[in-house]
Structure formats: structure tokens, C-alpha cells
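Worksheet: one structure, shown below.
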Amino acid sequence: MARASLVQPALWALLLLQVVGPAAAAKLNIPKVLLPFTRATRVNFTLEASEGCYRWSSTRPEVASIEPLGSSEQQCSQKAVVQARLTQPARLTSIIFAEDITTGQVLRCDAIVDLIHGIQIVSTTRELYLEDSPLELKIQALDSEGNTFSTLAGLVFDWTIVKDTEANGFSDSHNALRILTFLESTYIPPSYISEMEKAAKQGDTILVSGMKTGSSKLKARIQEAVYKNVRPAEVRLLILENILLNPAYDVYLLVGTSIHYKVQKIRQGKITELSMPSDQYELQLQNSIPDPQGDPARPVAILTQDTSRVTAMQMGQSNLVLGHRSIRMQGASRLPNSTIYVVEAGYLGFTVYPGDRWVLETGHLYAITIEVFDRSSNKVYPSDNIRIEAVLPAEFFEVLSSSQNGSYHHIRAIQSGQTAISATLTSVVDQDGGVHVLQVPVWNQQEVDIHIPITLYPSILTFPWQPKTGAYQYTIKAHGGSGNFSWSSSSSMVATVTVKGVMTTSGDTGLSVIRAHDVQNPLHFGEMKVYVIEPSSMEFAPCQVEARVGHTLELPLTISGFMPGGGSEVVTLSDCSHFDLVVEVENQGVFQPLPGRLPPGPEHCSGVKVKADAQGSTTLLVSYTHGHVHLDAKITLAAYLPLKAVDPSSVAVVTLGSSKEMLFEGGPRPWVLEPSKFFRNVTSEDTGSISLSLLGPPASRNYQQHRVLMTCQALGEQVIALSVGNRPSLSNPFPAVEPTVVKSICAPPSRLTLMPVYALPQLDLSCPLLQQNKQVVPVSSHRNPLLDLGAYDQQGRRFDNFSSLSIQWESSRPLLASIELDQPMQLVSQDDGNGQKKLHGLQTVSVHEASGTTAISATATGYQQSHLSEARVKQPHDPLVPVSASIELILVEDVRVSPEEMTIYNHPGVQVELYITEGSGYFFLNTSTQDIIKVAYQDTRGVALVHPLLPGSSTVMVHDLCLAFPAPAKAIIHVSDIQELYVRVVDKVEIGKAVKAYVRVLDFYKKPFLAKYFTFMDLKLQAASQIITLVTLDEALDNYTATFLVHGVAIGQTSLSASVTDKSGQRVSSTPQQIEVFPPFRLIPRKVTLIIGAMMQITSEGGPQPQSNILFSINNESVAAVSSSGLVRGLMVGNGSVLGVVQAVDAETGKVIIVSQDLVEVEVLQLQAVRIRAPITRMRTGTQMPVFVTGITSNQSPFSFGNAVPGLTFHWSVTKRDVLDLRGRHHEVSIRLPPQYNFAMNVYGRVKGRTGLRVVVKALDPTAGQLHGLGKELSDEIQIQVFEKLRLLNPEIEAEQILMSPNSFIKLQTNRDGAAILSYRVLDGPEKAPIVHTDEKGFLVSGSGIGVSTLEVIAQEPFGTNQTILVAVKVSPVSYLRISMSPVLHTQHKEALTALPLGMTVTFIVHFHDSSGDIFHAHNSVLNFATNRDDFVQIGKGATNNTCIIRTVSVGLTLLHVWDVEHLGLSDFVPLPVLQAITPELSGAVVVGDILCLASVLTSLGGVSGTWSSSASHVLYVDPKTGVAIARDAGSVTVYYEIAGQLKTFKEIVVGTPQKIVARRLHSAQTSIQEATASKVTVSVGDRSSNLLGECSPAQREAIEALHPESLISCQLQFKQDVFDFPACDVFTVEPGFDAALGQYLCSVTMRRLTDKQLKHLNMKKTSLAVTASIPSSYTSVEKVGAEVPFSPGLYANQAEILLSNHYTSSEVKVFGAVESLENLEVKSGSPAVLAFVKEKSFGLPSFITYTVGVLDPTAGSQGPLSTALTFSSPATNQAITIPVTVAFVLDRRGPGPYGASLLSHFLDSYQVMFFTFFALLAGTAVTIIAYHTVCAPRELASPLALTPRASPQHSPHYLASSPAAFNTLPSGRKASPPSGLWSPAYASH
């Protein structure tokens, strides 16, 4: 409590926030610290936070301080030292806070300072062994409560070794124990211990070690004086020798085996063996426990003391104990012991070293150990006297050595493979050499896998350094081992390796050793080295640099670098395939570099691949740049075309003496660097039979050709060989050489052939006539055939050249065909299609257009000698045996095929016929494609049958085999699968009627298939539902369409889809076509009865949904007119019918079709009489009923005449006013309808009696013919009896009843529902059938009968009282219904409205009454509501059956009819007139700039006006409170007037752009000169004279002023003529305004203060001011009409003042001004001595009057200077100007008289006169100033129109007030109203 009271409350609040806050991630190392109280030393404790940087503080620094650890520059630290600071011995606490400077998190630790009450020494053991590690002893301090202090750091202790009085015979010596310092040990102490040891002090922790065996006692006490009474702490330690027993573990022996034990001790870090038996120690066997089956009398084992050997005698166990021989030591220390188990051998085990894995490697040495285990898997000690026989296969192992007992073998693995080693424990040999064979030998074997050593390939890899990790990967191959390896890298910064041996380079250079360890034996591994170095050079390795076009060249790269370590050894990189090599080709298009790089190879590390694209040569440059390393290499490449024999391709045949020019193409080109190495060789077998010669160099650079001319000199065959290439060179070490061979044959012709030249030589077909009639060929009789002569040798090979032959031609019938001499045979070499040219002899045969047969023959008679001589043919040669050929020609017409184009369906069963006519009759038919169609020709019929195979287009070509020249006759066949189906059907069908659906199947070209294919397609038309039925019709619209009849059987919507089966059996369906089966389209009403001028709207029911537009028409347009919306208006008496048609558009044809139609009869009549429709004629007082006017028939309802134009008026009256009240139908909501709407009224029964109800119907325009006989009025009257309601007078109570209609129900409710237990019961006699029924919940249900029942309601109160009421329940039929409306409308002055407000939503409630007028509480009527038109109101169902909601949407009259569906006699009619509730009525268009004072009489119940709003404030802004609206922009807007929670009405306003803006000068009577300085111009925006619309209230006028409508316009000024050098705005100012009284905008123009220069200029020239106004600049097309404002700048004088004297008695002054001002200019003088008279008048331009000013009395001024003024004023313009006049009297020195000398000479000669004149001028000026301030200043006007022009202070003498008051104002009688304009006050020049 004491320390808590010291903490500030604010701090506690902070702590509380931090403690209860969310846990932070940072933590302190300790929550509480207990520190000892000290005086001499300070005990520290380090606090440390896990993370963050903190500001540390202590709540009580005097108890415990806190010091942060770290740099002094930082304001925070993560560690801090807590130090006990308490000066008085007490237990106190300080709270340590650490606040994170970043997050604000606060950590807390409590630091407690207390006294030490006791200490104790803590150790890990109390026994020390000689030469063992030292023991650490630590002091632990406790307070009075036994709490342990957190630290004793820094507290000084005294550690001493004292005498041990309890040694019990042990040697007690200070030398037995030694206290060590940490400085001389190998252990790290706490930092404060090191500091204390340096100061030769001992802390709370020390080290001790044993010096010799014995016992020692250690004592520690606190050195601090405060704790002198604290009891020291003591500890006794025992120091022993370190004795070991070998083996020290438990031993398992077999019977008969033995083990030798050794006793050892550790001395100076070495283990030495003690000779046993010893003086100090002895071995003993104790606790011998034989096996249960053993002999208890025999020992389990015996110990031979001399040899320390234990021999197992029988199965069991025994303990071997090492003990002290000295009795005093036997209980003081614990010596080692061992347990010996004698067991039976269970099985053998095998181990191998190294690795302990039975996976070995050949060539390695291994130690195999065979171990014996008992049945419990305990390892048996392998005694030397056991015998184990091991079998190690000699082909796998080389045994180097073995142990005597056979348990150890040193071997070498010599062969790989799988084998097994086995071992058998057979016997035990005793000490005497006796062999004891085991009855059951123990045998086992071990499988061994031996592998060859692991080697990695390659052994060295060298990679270039790349900046990114993983640039190179290489899969290292490992051989040997088990095949399953684990991989490792010695330096992962250089290279890494994956589990699959994939090496990846890292980011550093250097060496990494990759090892692959055998997973089955990790000791086996193979390794290789990976170097990562920087490259230093790059070059291409020798390779092939020539390639055929299309082939690829691989260009290997060799990149070298220096080995790591700084040496000069260069090594070739193993892999540089990931180098970012830049490959550049000098000549683009020859070689194309291929993506990717060559994989590394033995002689290269990477490389590029290029593809030969075109023949030519280029240079390839490969470069690499990274950082400071830049390498490049260049190589020249060449591409060539393959060498091939073109002509001939293989064999050339010529006749003797003929030659053949052989053409070869391609082959290597001359090497670009050494062209001289290029060669071409051509050889033959026998150079004497043929001559060969190369024709010129290669033809061109781009297309290399080799031509060899071969000439036949002797008959025979030869092989010609050509080889092309380059010889090896330095830049082309592996050149390409291309060889090729052809055969040459020189032979005589064995036969000749004659063939017609056909237009299609690709058809290798012969005419059948040629085979049947031997060389009979039909040809066209209209074209000359061309015959081709060919020569063949004995092998049937055609001659390449037979030009050395001599040929003779003949014709058998020259009249049909002849050989003309002027058309000799042309020898032409033509390509035979294989590139080889053959000689053709082309001979033209002339035909003469006659049919018949002729024979043409050609004969080779011998050789031409000229050819033989030129070819140097060897002589003699064999003569030629003549050969000949003939051909018979038949002249015929050309072939034709029909049809030429058609489309067929792809189906196996489809076939079409092509008709072939004319021609030779021998035809070959083929197609342009092989897989589209199959064509079969029936020659007997001349018909080709076409079968489809696959979709597509193909051309059938009919070749006439026996006509040589004509092109084939063609027919284009399109084979198509089904692309889509198209269903055309009207989407609407009336139930019970039918429409036709048309289906077409389209091919791929969107063309329809023929209908004959539909049978192959299984065409079906299906409907998605059963609302329609489908019938297939046989009639066909065309050859492509299937027709179906769609019959509507049920109402709904479905879809039609056609489907067919294609060739593959898949169904193909069309897009579903929606079709609607709609109910019969019916127009309502079925008959329309109207009078002339009345209107009724025809509506519809049924028909398609959503309903399309209905087209209305009438058959007799003179009787009535019908609008597009179905509104029928009566025109004249008569009958007609209105047809309503529902149309739809045919999707395919686009034609409009009629879906459904209906007729309505229309009767236009005259009202012959009227009747009052009253549901009852007897009514009870206090009830009401509706009455309305009808015609004489039931069809003549108010719908027939209620809205006629011109209208009818209805006037109601009663004969006795006190019996009935007549009220309008909407009287309850304060609407009083005018007479023209009062066709229906409400009748209220007031008092009992009988009265007549009369109505008079008057025609507003009798000539309209609405009443029979052009009558003016009709009337009717009925009698109504009002009777009094039955009441009880004694007692005077109200007897009420529940009124229900038959078959209705009501839920009864009482005021005790939920509070009392209610029960309901109908009290009727047992003989009377109940009229109503009720249940326990209060549901009252009436039956079909009528009558009265009694209902008992009992309430059982919880306090024990019962309440009972009896209620009569009357069941009666409904007699009539009545409509009422809500809500009630309130107006400002309680006046009634004449119509419903536009935009209002009202609720109509239907009330049901019985025959007495009482209202039913429950009924079962189903009501219908209808209006005579739907464009003025919107009607909708209400929340209950007897309500409807109507919203008024447009101005006009609508009639509402409500009736009971089951009882048509229950009906009512009410008028619904709708008018605007917002005024004013806007006759014309509203334009931008108009201001509207909107108003509405509607208010809330309390008389509060509503709020105004606009749908678009940027178009029309409306003040929400007053309703003032300003049109700002063109557009349509809706203004809303809303009374919150009651109603909302609106008015639609269209704001247009004004066509013109007119400014007019405002003529006003100005009464003062000051007002003449301003002028106002009215601005009319638009065509109206006023821009203020509506009647504005005072509040609205204030709102207009606050809204500043003048901001909408801007006013502009300019001079009408540009006659001044300054603009009008420098002289005048103009401001826009708005005058609410005028309702117009204004431009107020004011003249500024003018400078003398401006005043002078304005007077010198005359013009007027043009004022225009404009609205925002977006309306650029607005016409602007300006106003012309005349202005007068004011009077101007050419002198500022006048000086007169007795010498100069007169002076002239010119006064300038407007003509209006100068015409009646008056002048007045302030002194009689000074006069002014007109000298000259000039009313030209400029206008001025010259005045002569003189002194009347020459002696004036003799008594002193006379100062006065002349005032020039104009009554017409109220302008005036004042000129000061000074008269001085000057004496003449030279003469006695005053008139002797001139004024000037006296002035110049008299010094006094100069001073006099100066002071006179000063006096005059002073008088003027005083007069100004005295007279003018108080008279300044403040009217806004009197904006006086400003002037600078030096012009002040020229203001109006500068003249005396007497001249300042004209007499009122003389003041004339100046013309409206701008007038300046008086100005004068200086």
C-alpha cells in the first residue's frame, strides 16, 4: 500500500490501458526481479526484451534504478540494467516500464529489494575424482520467506576450506581440494565473475578440483557488513581415485567360456592398468543365481584371482564387484561393478567395418565380425575358446587374416556380384584343450552385394561464370556402386547438384567437388571436379562450312579461360551453351540462325546452328559481352543447291548425228575466300563415241547451272559423270563435292508415232477408236488439228533429238484434211513433265469444215547429210531402215453436259444424273477432287450418275477421248452436309386456329436443299409441349420447302424446332422458334354506345402476350372516328363497327401478317330521354346513396355521354330541401365539381319525409345534335322516401347490429382480446336453422340464407368476473354500392377544388349498402374497376378487394365505373376530372430568362404550404419555399409541389431558347440634373413583353430580389458610329438588373467622370450609344435587338476662368454642347458689373455659342479685386457650367488717370500690381472653394439612377455646385423634361 500510494493516478490509468490492451509480440525475459540490499556493492540484473527498441523508466529510482544498454546516441535500447539503490534495510518494490518507441507497447517488470536471510551452496555432485573436470559451486540466497534472489552478481563472498570433523577416518587436508579461478580454467564464467577475479575478489560462483583422495569441507560467507549475522553456508566434498573396470558393461558368456577383467585408473589423462591382485582393490563374485534348470550347488561362474579371469560354469547370473581391501573405505565410495550372465547361444550375427553395410566395393579392405547372440538378442562375449567356422567364397573375397576363434576376418573384395557368407558356432575348447562340440550348432548366413567402385564421368567440368544462378546444368553420369546415389557438392556457392546428379552452377567462380555416395553404403563414393571460371577467348572449331539449301550446319564453338588460382594455365570450357550469344549474319536471307545452342561435346562447349535458306555466302559473327568480358568469333559460310541432272534426268536418247545439251543445276559454288579452289569435271566411258564439252562458266550468281553438250558420233551407250566442288583450304577444311551421272544412248529409230495434240496433255488416255480401228482419231471439224510426231528406239524410249532424220508427209483425202507446204513441220523441244526436254515434230493439218475420214502419214526415209557432217560422224555408218506412221482422222462436233451446276445432299442413297450429248461418243469423266463425289458413266444412256462421298465442291470434267483440241465439258457439283435448318412460322397462333410452318434445310452455302432429299434426312417438326399439334401437308410452297400445319390446342408458349438425321446418324436441330398460343383476342366493350362528341376507349383482352400494337379501324368513318389507341369519338348518329387487328412481321419475308382480329359495334345516338338511376327509393335517415344519370336503355350509361364535347351540364334539385341533401361525388375531399361533371351525385337522408329528386340535363351547344330533336335539355324526376331509424326511447340506448351479406365472414375483435378468455355462441332456437356460424376464435361466417341471428360473446376475466354482450347479426343481400375517395384536400382559403390535382394519388373505397342504406360490415362481392380511357389516370388494385388506387397523370376527364362481377346491377359511376394544381397556366412557351411565380392553393391540414422542387435545377431553378422559378437553360423539366406525407402534384414545363432579345430605351420623366446622368434600358427576352409570369406575392418578390435573376443576362455597350479613339466602356458603365414591377430585365447605363480630353472629344463629334443584352454564349443563334440611347456629354467652355481689368474690359468665351442644350442656353452673372452677351451661334458640328464678356463699370475693382462667376445653364437638359470671373483695377504709373496706359504695361511696370494680382487670384479661388463646400455638398443625391460622373480633384471647381445657389437651379416653371438619354453635368476646360 505504501508504494502503491506513491504512483500517480494518471500513471496508473496509463498502466491499466497497457495491461488490459492486446498482447504484443515482444516479451521481457523476467516478470519479477528479487535483488539483495547492499551498501558496499551494487547488484545488477539485466532486463532484455525479445524485440523492439524501448524507453526504460522506474517508478522508484531510489529503490531500483534502470540504465539502458547501448549507444548513447540512440534514444532507446533493447536491454537495460536494473540496480538495487535502496539505502535502508527494508523490503521495497519499484516498477520498471519499457515503452516501445514504435508501437507504444509497454512492458513491465517488478524490481523487489530485500535483505538476505540465509545462503546455501548449490552443486551438481558431492564427489570429486582425481584429475576429473572441476566442479562448479554456486551460492543461492534466500529472503525471510524462503524466496530465491534473482541474482547475486557483484556481491563479494569469502570461500574457505575448513577442517572436516566428520571425516570418519578419511584424510582431511587442505591439500585434498583446490579452489580454482575461472581465469586459469577452460570454462567461461559470467562476466561479473571475471571482473571480480581481476579485482582479486570472490563472487557467488567458484570452481573446485580434487588434489588427492580424501575428504574436504568448504565454507562461504557474505563479506558485506550488513550480513555479518547471516550464517555461512557449508558443503563437504569427497575426493576419490578414478577407477575403471574393463569391460565395464554387463557380460554374456556361454558355458565353458571365460573373460579376462582388467582394473584401470586414470592418471594425468592416461589410463593405466593396475596389477591384480592388488593391495588396495580386489575382485569378488557375488549373488550367484543359477538357472531354474541348473544345479544350485554349483557356482554359475568361478573367478581366478591370479588372472582375474571369470569362467562360466552353468547357466545363470552373478555379480562381479570391485571392492576396497581397506575396511574404512568400503562404505565411503562406490567402485565399478559388472553383472555376468551365462546364457545359451541363440543365433549368429554379422557386422562389417567400415560402414556396417553389406554393400561392398571391389578392391577395398573390410573387417567382418561374426557375433553370437542369445535368444533375447543379447550379445555374447566372443571368448577366445569358442570356435566359429566361417565360409567366405574365394571368388569374391581374399581373406587376409582371421582370429583364432573365427569371429573376426580381415578380407578384400575382389569381384563384383551378389554372394552370401555363412558361419557356424560348432564348439568350445576348454583350458586343457578339450573340445566340447555343441549338440545343436548355431548357423547363419549373410547376403553380400559387391559393386565396382563408383566413378563419375566426366571427371572434370569447366563452365564459364554467368551472373545468374543456375545458368548451366550438366547431368553427371555415375558408374559402379549400387546405382542409387546421394549427391553432394563441396561448395554450393560454385555448383550444386540434385538427387539425380544434375549439376547446376551457382553465382561464384572457383572449384566445387561433386561426390556421389552410394545410398546403400555412404562410405563408397565417386567424385569429380567442377571449375567455374571467366572466359578469355572464343573461336570456331574446324567444321563444315558448306551446306545444301535446306540443310543445317552445326558450328561448334570453343571457349577457353584461365584456371582459378591466378595461374596461366588455359582450359577449355566444358559447357557454355547458356552463354547469351549474339549471332549476326552479314547477308540476310542466305543462312538463318536457328534457336537453341549446340549441346556441349568433346571438342566444343557450345555452338550455333544455322539453316541454309538460299544459295550464297555470308559471314557469321558470334559475340558475347558481359561486364568487362567481350568475346567474338567470325566464320564464313556458303549455301548451295544440290547438284542434279535436270535434262536428262537419267537417260538421253538421240539419233546418229544429233546432239543433246545436258543441263545440270546446283552443286557447291566457288569458295568465296578462295575461288580458285573451285572445279567441275565431266567424263565419259568412251571418248571416241561421243563428244563432250562444258558450255561456259556458271550462268549466274543466283542460279548456278552447268551445261554439257553431248554429240552422237557412233551408235552405242555411254555413262557421263559430272562432279562439282572445291578443294580443301584453310577456311574450308571440309569442302563439299557433289557428283551426278547420266546415261547417253545413240540409236536408230525403230518406230514413229503420230498423235493429235490434246488440250489436256496430263490425261494419259487414248481414244478407244485408236485401239479398235488402229490409228483412228476423231477431231473437230472446225479447228485445224496439230499432229505430234515422235520417234522411239527398240526399247520404246522416246528420242530426245531426232533432227538428223528426213521426214515425208502425205494425206489420203486432201479435200477433208491436207498438209500445206507453207506450214512445214516445227521441231520443238518440250518438257516431258520430268524436266527432260524431248523433241516433238508438230505438223498442222488443215481441215475444211466437212465431216468424214482421212489418213495422214509420216515416213523417215534416211539421215540428213548436213547433220552428219557437222557432227563428224564416223564413217562408214549403218544406213537407216525407213520407218513410217499414219493416223486416221474422223471429223466430228464438240461434247456438251447438262446441268452445269447443282447441289446434292451428302447421303449414300442420293444420286443425280448428268446428261452428256454430242462429241465423239467416247468420253472420260473425272473430277477435280477425288474424295468429294463418285461419278459413273452409262454410255448406253449417255448419262453420268453422281454419288456424294464427302462434303465439298468438285467439278465433273467430261473429256472427249477422241477429240484432240476442245476443252472438257464441265459441271460443278456441290456436295454438302446439313448446315442448319430454318423454320419459318408466325410466332403467334390463336387457340383453335391454325397457321402454316415452313421448313427448309440449308447447306454449307446457306442455300436450301431440294425437297426430294428430305426423305433421306428424316425431316421432322416437333413442338416442345403439347399445346399445339403438327400435321404434315403435301402441298409444296416450292421445290425447297416442307409445309406443316400448326394447330393451337391450349394456351401457353412453346417452341418449334425441326430436326433431321445427317449421314452419320446424328440429329441436327434448328434453332427453336418461339410460338405462342394465345386466348381469343377480344375487344372490350362488345358494344360502344356514344352520343355525338362523346369518347370511349376500346381495350382488349386475350391476344398474344406481350401484346403488340393493335391497329384500329372503323368501317363507317362518318359515324365515329377511332384513334390509334382505340379511342372512339362519336361524330354523327349511326352505326358502325371498329376492327381491331393484331399484326406480326414474318421473319423471312418481312411482310406484315394478321395474327388475330375482333369487331366491336359502335352506335352513335341522340339522347331521347334521361333517367335517374337510384338503387333504392326508400332510405333511412343518416344514410347516403349514389345516384347517376342514364339514358333510356341500359347501354346508355354515363360512359356514353359523361365526357361529350361540347358537353352536357347536369342540374340537380329536390322538392323539399330539408329531407335530402344533394352533394357532389367528391364532396368528402373538398372537391366541388362543375355542373358538366355532375352526372352522378350523392344523396344524404336528413329527416324523414318524401321528396322528389329532379335532374335537368342541358346541352351547351344544342346545335351539336346530342339531344333528340336538337333539344336544349332533358329532365327526369323520382320520388324518394326517407324514414326515421328505429330507436329505443325508454330506455334510451343504441341497439346496433352486425350487417353481413350471404356467404361472407368477419373476424370479431373485442377490447378484451388477449386479456380475458372469450367465447362466441350463436343463440338460435333448436328448430331454427342458424343463419350464421362462429368458432372459438371469433370467425363469424354467414350462410346462403338471409335473416337475423343473435350472437353471444362472453369474456371470462382473470379476476373472476364474466362479461356478456348480445349482438344481432343480420344477413341481407347487397342493394347498392357507393364510391368514396381519400385523402381530404385542404386549400389556403378553404375553397373547394374543381378537379383532382395532377400527379396526385388517391384511394377509392367501395362501400356496400343494404336496402335501407346501412353499410355492410362483411360482404363477398368481387369488384371490377374500369375507366372510359386510360391516358389521363392510372388505375390499380388496392390493398383490399373494395379499394383501388388511382394516380392522375394527365389533364382531362376520365369516368370510373365499378361493378360487382356476379351482380351486374351493383355498379356506380364517378367522374375523375384532372387539372393542374400549380399556377400560372402557361399559354406560350417558357424561354430562358423567364421568371415564374408558381403557386398552388393546396396546403396541409394546418394550412402550411408545401415545398417546391425541380427535376432539373440547371434548367429551371425553383425556390423551395416560395415557388419562384428561374429558367436557366433550355430543356424539359418537371416542377413538384409536395405536402409531406399527404400529396405531391407536378407541372411539366418546357423551357425553350428565346428567338430574340430586344432592348428598349425606357422613357421616364427625370426631374433633376443629377438623374440625367443615368439611363435605363429595358430588356425583353423572347416574344413576351414581360419575363415575369404569374401573380407574384410580396414574399415571392422578395425572393426574386434575393435570387438575382439579372445574373442570367449581360449588357454590352458600344458607340453607334466609331468616331472616337476610346471605347464606350471608358465613358459609360452598364449594369444588368431586374425590375419586378415591370417584369423586365434592365441595363442601367451611367456616365463616368469625364476627363477634359474625353469631354472635348464628345462635344466635337456627335453619335449615340447602342445597348444590347445577351444570355449565355451557348445560344449563338439568338437575335439581339439593341436600343439606341442618345447622350449629351455636358457643356464645355474653352476657358476655365476669365480675367478682366480696367485695361482689358472684355473677353470672349466659347461654350460647346449639344444642340438641345444650346438652343435655350441662359447665362447669368454673379455681379451687375460683369455682363455676357451672345456674339455667335453655330449649331453645326461641333455646336457652340460664342459669348463676349465685359465689364460694365470701368471703375469696378478699384476698391479691390472683384470676384464673381458666370453661369451658363440649359433648362432643357438641366445642365449648367460656371466660369469664375475676376476684375482687377490696375493703376498706370506713367499717367495720372486710370485710363492712361494699358493694363499690361501697368502690370509689368508695377511690382505692387503683380502682388496684387496674385493675391486677387488666390482670393477668387478661395471664394469658389468655399461656395462649393457650402452650397453643393449638402445637395448630393443618393438615388440609384442618379449616378453622377466622377472627376478628379482638380476638376472640382466645375461641378454644378461651384456656382452660387441662385443660379444653380432653374425655376420650376421653366424646367422642361429633357429627352431620355445620358446627360453630363457642367464641365469646363482649364
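Using the three backbone atoms N, Cα and C, a Cβ is placed for every residue, glycine included.
Positions annotated as signal peptide by Swiss-Prot, on the basis of similarity to another entry: 1-26.
Feature annotation from Swiss-Prot assigns topological domain 'Perinuclear space' to 27-1808; the stated evidence is a curator's inference.
Per Swiss-Prot, N-linked glycosylation site is recorded for N44 (among others), and the stated evidence type is sequence analysis. DSSP classifies N44 (N-linked glycosylation site) as strand under the three-state reduction. Its Cβ placed at the centre, N44 (N-linked glycosylation site) has 16 other Cβ atoms within 10 Å.
Residues or ranges marked as N-linked glycosylation site in Swiss-Prot: N337 (among others). Of all Cβ atoms in the protein chains displayed, 16 besides its own lie within 10 Å of the Cβ of N337 (N-linked glycosylation site).
With a 10 A radius on its CB, N405 (N-linked glycosylation site) counts 19 other CB atoms from all the protein chains. Look at N405 (N-linked glycosylation site): DSSP puts it in coil. Taken from Swiss-Prot, the feature N-linked glycosylation site applies to N405 (among others).
The feature N-linked glycosylation site is assigned by Swiss-Prot to N484 (among others), with sequence analysis given as support. In sequence order, D518, V519, Q520 make up the list of same-chain residues 6 or more apart from N484 (N-linked glycosylation site) whose Cβ falls under 8 Å from its Cβ. In the three-state DSSP assignment, the secondary structure recorded for N484 (N-linked glycosylation site) is coil.
Long-range Cβ neighbours of N681 (N-linked glycosylation site) (same chain, at least 6 residues apart, Cβ-Cβ under 8 Å): A721, L722, S723. Feature annotation from Swiss-Prot assigns N-linked glycosylation site to N681 (among others); the stated evidence is sequence analysis.
Residues annotated as N-linked glycosylation site in Swiss-Prot, with sequence analysis given as evidence: N801 (among others). A sphere of 10 angstroms centred on the C-beta of N801 (N-linked glycosylation site) encloses 25 other C-beta atoms.
Other C-beta atoms found within 10 angstroms of the C-beta of N926 (N-linked glycosylation site) number 17, with every protein chain shown included. According to DSSP, N926 (N-linked glycosylation site) sits within a strand segment. What Swiss-Prot records for N926 (among others) is N-linked glycosylation site, and it gives sequence analysis as the kind of evidence.
Taken from Swiss-Prot, the feature N-linked glycosylation site applies to N1039 (among others), supported by sequence analysis. Counting Cβ atoms from all protein chains shown, N1039 (N-linked glycosylation site) has 10 others lying within 10 Å of its own Cβ.
As annotated by Swiss-Prot, domain 'BIG2' applies to 1078-1151.
Just so you know, the Cβ of N1116 (N-linked glycosylation site) picks up 15 other Cβ atoms within 10 Å once every protein chain is counted. When secondary structure is read from DSSP and collapsed to three states, N1116 (N-linked glycosylation site) falls in the coil class. Under the heading N-linked glycosylation site, Swiss-Prot lists N1116 (among others).
Contacts of N1135 (N-linked glycosylation site) defined by a Cβ separation under 8 A and a same-chain sequence distance of 6+ are given as N1116, V1119, E1161, V1162, E1163, V1164, in order along the sequence. According to its DSSP assignment, N1135 (N-linked glycosylation site) is in a strand. Taken from Swiss-Prot, the feature N-linked glycosylation site covers N1135 (among others), and the record attributes it to sequence analysis.
All protein chains considered, the CB of N1362 (N-linked glycosylation site) has 11 other CB atoms within 10 Å. The N-linked glycosylation site annotation in Swiss-Prot covers N1362 (among others) and rests on sequence analysis.
Sequence-distant neighbours of N1441 (N-linked glycosylation site): residues of the same chain at least 6 apart with a C-beta under 8 Å from its C-beta are S1421, V1422, L1423. According to Swiss-Prot, the N-linked glycosylation site annotation covers N1441 (among others), on the basis of sequence analysis.
Among the features that Swiss-Prot reports, transmembrane segment is placed at 1809-1829.
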Pairwise Cα distance for N1362 (N-linked glycosylation site)/N405 (N-linked glycosylation site) [Å, integer]: 121
N44 (N-linked glycosylation site) versus N405 (N-linked glycosylation site) - Cα distance in angstrom: 68
Three-class DSSP secondary structure - N1039 (N-linked glycosylation site): coil
Distance, N337 (N-linked glycosylation site) to N926 (N-linked glycosylation site) (CA atoms, angstrom): 113
Residue from N44, N801, N1039 whose C-alpha is spatially nearest that of N337 (N-linked glycosylation site), among the glycosylation sites: N44
Assigned element (helix, strand, coil) containing N1362 (N-linked glycosylation site), judged by DSSP: strand
Assigned conformation of N681 (N-linked glycosylation site) - DSSP reduced to three states: strand
Mean per-residue pLDDT computed across the domain 'BIG2' (1078-1151): 88
